Amino acid sequence: MNELTNFANPVAKPETFDQIQIGIASPERIRSWSFGEIKKPETINYRTFKPERDGLFCARIFGPIKDYECLCGKYKRMKYKGIVCEKCGVEVTVSKVRRERMGHIELAAPVAHIWFLKSLPSRIGLLLDMQLKQLERVLYFESYIVIEPGLTPLEKYQLLNEDELLEAQDEYGEDAFSAGIGAEAVRRMLEELDLEGEKEDLLKELAETKSELKPKKIIKRLKVVESFLESGNRPEWMILEVIPVIPPDLRPLVPLDGGRFATSDLNDLYRRVINRNNRLKRLMELRAPDIIVRNEKRMLQESVDALFDNGRRGRTITGANKRPLKSLSDMLKGKQGRFRQNLLGKRVDYSGRSVIVTGPELKLHQCGLPKKMALELFKPFIYARLDAKGLSMTLKQAKKWVEKERKEVWDILDEVIREHPVLLNRAPTLHRLGIQAFEPVLIEGKAIQLHPLVCSAFNADFDGDQMAVHVPLSLEAQLEARVLMMSTNNILSPANGKPIIVPSQDMVLGLYYLSMLKEGEPGEGSLIADMQEVHQALAAKAVTLHTKIISRVPQTDEDGNQYMKRVETTPGRMLLGETLPKSHKVPFETVNRLLTKKEIGDVIDIVYRHTGQKETVLFADAIMALGFRHAFQAGISFGKDDMIIPEAKEKEVEETRLLVKDFEQQYQDGLITQQEKYNKVIDAWSRCGDRVAAEMMKEISAVKKGADGREKPINAIYMMAHSGARGSAAQIKQLAGMRGLMAKPSGEIIETPIISNFKEGLTVLEYFNSTHGARKGLADTALKTANSGYLTRRLVDVSQDCVVVEVDCGTDRALDMKAIVQGGATIASLGERILGRTAAEDIVDSKTNEVLIAEGTLLDEAMVAAVEAIGIQSVKIRSPLVCESKGGVCAACYGRDLARGTPVNIGEAVGVIAAQSIGEPGTQLTMRTFHIGGAAQLNEQSNLESVADGSIEYRELRTITDPRGRRVSLSRSGEVAIIDSEGRERATHRLPYGAHLLLDDGAAVAKGDRIAEWDPFTMPVITETGGIVKYQDLIDNQTLTEQTDEATGISQKVVIEYRATSRKEDLRPRLTLLDDSSGETARYMLAPGAMLSVEDGQEVKAGEVLARVSRESAKTRDITGGLPRVAELFEARKPKENAIIAKVSGRVEFGKDYKAKRKIIIRPDDGSDAVEYLVPKSKVIDVQEGDYVKRGDNLIGGSPDPHDILEVLGIEPLAEYLVSEIQEVYRLQGVKINDKHIETIVRQMLQKVEITDGGDTTLLPGEQVDREEMDEINAKADAEGRTIAQGKPVLLGITKASLQTRSFISAASFQETTRVLTDASVQGKVDTLNGLKENVIVGRLIPAGTGAGMSRLRVTASSRDAALRAAQRNWQESLIAPQTAAEEHAAELRQPVQADTGDDPLGAVVGESHGTDADAGDYLTEE
């Protein structure tokens, strides 16, 4: 019966595996890999080039050098396969085994593995609870360590130097205690560790400890101890006795001409180890003095360190040319390492590259392929076809024919290429549209022809760009290329769902020209019957393209019947109308207007949405041809006279000069500060530039009429800019207006502007000034490319395993979407934001109470229009952020696939798409941080106007009426809402402290009415009661100073910052109000910089202003913009000047000051513990004593720290904050990215939870685990009736999140390879290969896209096999040793029916169907 237990499936291929585990190799394991011990450092004999025996390239150990041939030549050829030659000891087999057979070196003394020693935190150090410094002293033979103190007073693990050791031995006797040195000692210590006991001690200590920092350290140690216990690794394996030697073909030695050799650095490192090891053996045999042996051991340790990780410790070992040698770790690390160079990015065959030229006569799905290239790329196909047709007898002859390029070959090439798509790729491939499939068209010449419309997707131009061609070989690959990657299938951009196949440059110019309408052209007002007559009239020059005419255009009604419709239009627009697809959804009106680039994009969008892909492709090709033809026929060009310098320029410049002189004088007189003068000058000049530019645009765009009443041709430069073909208003401003202000390399603006424009020419000084900015621009561009690429790489890495896994996860969480409104202007409408998302609740029309859109509907354009029409303010939608799917997201939460306009398919790699969509425009973002002066900051809002008609409603607003009868807001979290006539809330606004309210609660407002106004630059301190003011701690020249305004001569009292000299002094400047009986009624703390508005002892009434604090915004501040800001947000870094957020709602009190900080205390209403904050005194505090703050309110201005938002307000507000901040940066550059991409990345940043309470699980408080992992552990605990663990979500930056994915292969290939692998091996991690990256690395089909179904089937099948095998094992175990006949009989009965089918449990599996999900039974539903 026992042979049955060997049921390793004999037919299973080694490639079929489901997971990969990494661990620490034991010495036995290393020996079992090895084919022999390497005893000599020799490599090959330099005369015969034969490997030396027992050396690093030994043929006996590693295998033969030539296929099926032993070293001495006794056995040659296949027939001796498997024989071991008795003379040279070499097995006769293929030489390929030299790539897989390993050797080993038996070390004379153990050495520590540097990864486990030096990779922080040091694993050996944590286990032994020793410092790395002390460990190193022991390992590198500097001091002894007490291993077993015995009965002596020495402590365990105490370090002793030589003298101390001798003293101790004299005192207590040699055998009373045991001490050791070097790796042997550390090894003994690791062997004697009782991990179980250690774990119990640590858990006990953790429960008892009171200190703050102790638990962290204990948890670190606990995790290491636990990982050793769980993984089955033994601690002593971190000390090596045997070193594996990698196969010789992976560290080749190649003879160069001239008798020298090129060798891999590893050979040098191995030789070093072997030499020292052999010397050490000899010294030990000779019984050399201890000190010499010890030195040799230390050197052995160092050489092994260098082999594993050169440069990690001590000096780097260098080769002959002073270059550091590449160790095993360096082979894996970095861009040139194994992971990124060979596993993630490979070079492929069947590819070629060439320069691209434009191919305007191609169709959208075609590309021109040079015949020469095609012949080379499709060679095997041609050989096969020649053979199949019987034209060539042998392969050799076929090759000859192809080389001679006989005419039969060209005919066959045509057949081969027909319907065989090829892939074109342009580097850098920033998003998935950088590789697209086309059908090749054979062309003469040597350049690839590219269709002009796909240029924007590839970001290609024809100034010498090159592109690569790849041939998809297998039928499946061709199918995918045609169905998924064909350029005609990629009309919409995956980033924002807008068409990316949009005419540009010449085409736009031609279409703009075609659709222009001019007054007074010949034949104006004629009636022309139809298109044919229009063509005739144009040919006869009776009308021009721009004449206003009345004509009839054919239209299609809903049933598809044609009818003629009368319209007023121009012949040019009718030509355009001809190209429109025939559909009632796309009427002639869509093109009956002046078409700029943006409008043409909209037209293509409409055509795509209403008539589908095929029509769109035809339409795109048609308008491309039309655009090119008319741009060519119009002959638009411009000369220098088209750059019109406005008359008003000189006047404007003169006025500004006078103004600037005035500011200069004020500064000289000391009325304004240097900074203020600078801001005012910059402001004056930038306004001047803008006014000149406006004048110039007015003149350029003016329509002039000739003597005959015809309009003169419009200005060509204006035409190019306005149509969006080329150039922009800013560029024209530099040509014909004034060049304006320039920046220094530091980013500051130079005060003297460049007044000339390029037409006038710059003076020498101006030219010199402008060189700064020009050079910085070039330097920035270079930096930007690298930074943007790195950002994309981090984004892809964090999101690569986010795939659509199911149709609907059924979550009941949702996001609330509102329109984004800033300063009264709608930046993103509600419709834009909810388009293509799934509604998470029924959308109800509040007037009729009918359900417009049911929950779970994917909102399309028509529904969105309906929602906007009834004026709904906010809609609850599903989002990847709230999705509860395991191992990915669900289709309902994700919504529409933007590149297709349909619901997203299962298996779509939405994570990678999100990363590419955010990373690809990265190069368009700026690099700089903006320095904004006071003047430019004047756009700070200072009043509030109603956005709609309705009534207003104040919320949480305390007001007081001041002596002048105005109502003043006293709360910091007050809001005003505008309610329209149907009772719907149209907008809500925060009202700042001290705002004047112009309307009563519930008052009616019209659109544009003012509701409130306030001073944006100062924040008042307002008294709530009347009384007499008393100064407290306001002492002249200590905390108070008088400043006199020189322009007006009025002096003001200003509070200044005071540093306490002695400990007892604690000056806290404040105003107190006394009532009639001198009782204190209120106190007001004053921040440094507050200007007092009342005198000591003055009587005040309620609502008066006691003091004013100037707000930060009036000063200059740096705004981080562009790429650095996006990176800062995705990395979840703490901002420089971060705001402090109230963690609880409650009343504010000020505690006792602490050195240079003030203490703010918030007492919650529910009587729970107060929360304290320490704030630097220099900061302006936004709250006063006694104020009521809500949770999440700012106590101090600035940008909030995302971690705080998550902790205080939760996931949804955090996501909203991140999305809006990131969108803000892209919006400034005019880049559109759909919100869902950013949400997908934020979801990946929020995967981890920090355990707050471990319950009865293995989780420890304070450790971070995946939310999915915690759920799994909790489900298990719950089933067993133990208490479950609790956790709170934590936000990780993208780099951190990628390094902490559950897959160690993915993390190792990203960054910090050594650290990740060390970690993983200690824990004995298992990589289940769920993400895309891991699968690419192990060389499997990725589990996304078309691979998703395959991976699903594989999982199903393997689970079914496992179940069968388990059943088989059960009855085997009962059969192995039956004690009595009765037992044997029972066992026989238990045996399943299929037992007769032989050993292989899979033999009985009947393929009843194609393995659908249903066959898998519970397996798939369990997940």
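Just so you know, glycine gets a Cβ as well, placed from its N, Cα and C.
Sequence-distant contacts (6 or more apart, same chain, Cβ under 8 Å) of Cys72 (Zn(2+) 1 binding site) comprise Cys85, Lys87, Cys88, Val90. If you look up Swiss-Prot, you'll see Cys70, Cys72, Cys85, Cys88 marked as Zn(2+) 1 binding site, on the strength of sequence analysis.
According to Swiss-Prot, the Mg(2+) binding site annotation covers Asp461, Asp463, Asp465. Around Asp461 (Mg(2+) binding site), taking its Cβ as the centre, 12 other Cβ atoms fall within 10 Å, counting all chains.
Long-range C-beta contacts of Cys883 (Zn(2+) 2 binding site), restricted to its own chain and to partners at least six residues apart, with a cutoff below 8 Å, comprise Cys809, Thr811, Val889, Cys890, Cys893, Tyr894, Arg1243. Annotation comment: Swiss-Prot describes Cys809, Cys883, Cys890, Cys893 as Zn(2+) 2 binding site.
What Swiss-Prot records for 1383-1423 is region 'Disordered'.
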Those binding-site residues listed as Cys809, Cys893, and which of them has the most Cβ atoms within 10 Å of its own Cβ: Cys893
Cβ neighbours of Cys70 (Zn(2+) 1 binding site) where a neighbour is any other Cβ within 10 Å: 25
Sparsest-packed among the binding-site residues, when each Cβ's other Cβ atoms within 10 Å are tallied, from Asp463, Asp465: Asp463
Binding-site residues listed as Cys88, Cys890, least Cβ neighbours within 10 Å: Cys88
Distance from Cys70 (Zn(2+) 1 binding site) back to Asp465 (Mg(2+) binding site), taken between C-alpha atoms, in Å: 52
Sorted by sequence, non-Cys70, Cys72, Cys85, Cys88 residues with Cβ within 8 Å of centre, Zn(2+) 1: Ala59, Leu71, Gly73, Lys74, Tyr75, Glu86, Lys87, Gly89, Val90
Cys70 (Zn(2+) 1 binding site) and Asp461 (Mg(2+) binding site), Cα-Cα, nearest whole angstrom: 58
CB-centroid shell, 8 A cutoff, Zn(2+) 2 site Cys809, Cys883, Cys890, Cys893, site residues removed: Glu806, Asp808, Thr811, Arg878, Pro880, Val882, Glu884, Ser885, Val889, Ala891, Ala892, Tyr894
Rounded to the nearest Å - Cα separation of Asp463 (Mg(2+) binding site) and Cys70 (Zn(2+) 1 binding site): 58
Neighbouring C-beta atoms (10 Å sphere around the C-beta of Cys85 (Zn(2+) 1 binding site)): 20
